[in-house]
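Taken verbatim from TrEMBL:
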REGION    71-94  region 'Disordered'
COMPBIAS  71-92  compositional bias 'Polar residues'
DOMAIN    180-502  domain 'PDEase'
BINDING   His256, Asn257, Phe258, Arg259, His260, Asp297, Asp407, Gln458  AMP binding site
ACT_SITE  His256  active site, proton donor
BINDING   His260, His296, Asp297, Asp407  Zn(2+) 1 binding site
BINDING   Asp297  Zn(2+) 2 binding site
REGION    496-520  region 'Disordered'
Amino acid sequence: MGNASSIEPTKTIFLDIDGKKEKIMFSRHCGSRDIHDLIAHAAGVSRYAEISLKDSAGAFVSLNPTMPINTQSSPYKVTSKEPSPTTDSSNGDGEVFTQVLSQVASQFNKVFKVEEMKTDIATRLSALERKMELEGLKAVEIEKCKRDISDIKDQIWNAQKKFVDFNRLSSLSDERKISLKRDVPSYPKYTLSQETIEYLKQPTFDIWHWEPNEMLSLLEHMFHELGLVAEFNINPITLKRFFLCVQENYRNNPFHNFRHCFCVTQMMYGMIHLCHLWEVMTREDLGILMTACVCHDLDHPGYNNTYQINARTELAIRYNDISPLENHHCAVAFKILSNPECNIFANVDKDTFKRIRAGITMLILATDMARHGEIMDNFKMKLEPEFDYKNKDSLDTLKMVLIKCCDISNEVRPMEVSEPWVDCLLEEYFNQSDREKMEGLPVAPFMDRDKVTKPTAQIGFIKFVLIPMFETVAKLFPVIDSTMVEPLRIARDRYEDMKEKNSMPPPPSQSNKKKTVTEK
């Protein structure tokens, strides 16, 4: 430091102290107090004296390192005034104040070490995060070991028994055990910008710009931001594993895939913020809504309930033709949660888990469009004369309508986001109708590639399903009218224009025109 100060640039100021010419020199790193004390020493007054400078024009000059340089022929006139003698206590106070100022100046001189401090803190935080992750992994492994020990005890007990428990055997062989194919951390930790965090709350969010691992991070953020991790005391590592296992159990269908799961969950997250649902629901209710969205189409085979029932598939037989797909989605969801590595509700008590399981099952089953009329009629009745948020049945109906809105909300989004989804849905429909024709099963007209077009597929659905449903919800939450119902009206008008253009006969080609003229 000594060598550095010796070569620092200095500033020379000329002074006129009661007719006596003096000059002072100081570096650009000096503080105002240092310059004040230097002038006081040159003037022969105490450091507590008031010092003021005037230039040759009589203007006051500020005592700081940036003061203008003068010359020997135009020195600054120094005026000093000693403090008036007062009680010893006031002098003491002045001295304490001066010491405080000195300490502050000393702290400022250390400002260049701030970056080093930031680096050190960041390093320590990273080490702490890694330690927490390792502790989380240990907790999950312990839970898994407990489960394995319990299973071994059961097997030993069954082996010692003189009869075979056929019920237990059949339940074990009913379906494959769902487990993770990969473990965390297998995707990087993404830092979300404030712009992305706010954009994520909007119904206009563009879901096409995000890679699968990024969608996993965004889902994690939603659960943390809504306070669900704290509410259910979720181990962060378990949350990561849950989302990974969910992602692995969505099939690579054109429409009913993991991106659709993310799309529905993000719309629910947006509606929670848009309608301030935390004011009318508990955080447990919000957790049920979000988790149901994440799981609502798990292991969807790409063929709807009508096909399952007509083709007499294993799912239709197992669930007696009653919402076979939705029942299957629920079963897969709770198979994932039965795995200790993925059970995000492992730390809640039995009564809470019972409520969570009932709530998630109710919401996933409500996504069967065969129940649309029943659920909407029930909801309209709850609105008259006034909706009762304290009534459990009313609140359950509202939650069912909300997940239905999110499940079929693509047309609420901007055209560039919603239109690709129509192409994906039609591709899945056409795959099913092709198979139905091949197997000699009934084919729905709206799925037949020889009969349906994009506008005809959407106009009726928007007019008679989406707009009436969202308008009904807007009676409870008026903000929905401008943010969701209005985009639906615009989408309806756009498809009607598209249909009109498609139905117009094509203009005659130039070759036909020339031929007509020649014949004449």
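Any Cβ shown, glycine's included, is placed from N, Cα and C.
Values in this document were obtained by computation on a predicted structure and should not be read as measured data.
Everything TrEMBL records as a feature, shown here on the structure.
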residue: His256; record: AMP binding site; contacts (Cβ under 8 Å, 6+ apart): Tyr250, Asp297, His300, Gly302, Glu428
residue: Asn257; record: AMP binding site; contacts (Cβ under 8 Å, 6+ apart): Tyr250, Arg251
residue: Phe258; record: AMP binding site; contacts (Cβ under 8 Å, 6+ apart): Pro212, Met215, Val246, Gln247, Tyr250
residue: Arg259; record: AMP binding site; contacts (Cβ under 8 Å, 6+ apart): Ile207, Met215
residue: His260; record: AMP binding site; contacts (Cβ under 8 Å, 6+ apart): Tyr250, Asp297
residue: His296; record: Zn(2+) 1 binding site; contacts (Cβ under 8 Å, 6+ apart): Cys261, Val264, His329, Leu363, Ile364, Thr367, Ile403, Asp407
residue: Gln458; record: AMP binding site; contacts (Cβ under 8 Å, 6+ apart): Glu411, Val422, Ala491, Tyr495
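Each of the binding-site residues Asp297, Asp407 was scored by other CB atoms within 10 A of its CB, and the lowest score goes to Asp407. Of the chain residues outside the Zn(2+) 1 site list His260, His296, Asp297, Asp407, His256, Cys261, Val264, Cys293, His300, Thr367 have their Cβ within 8 Å of the site's Cβ mean position.
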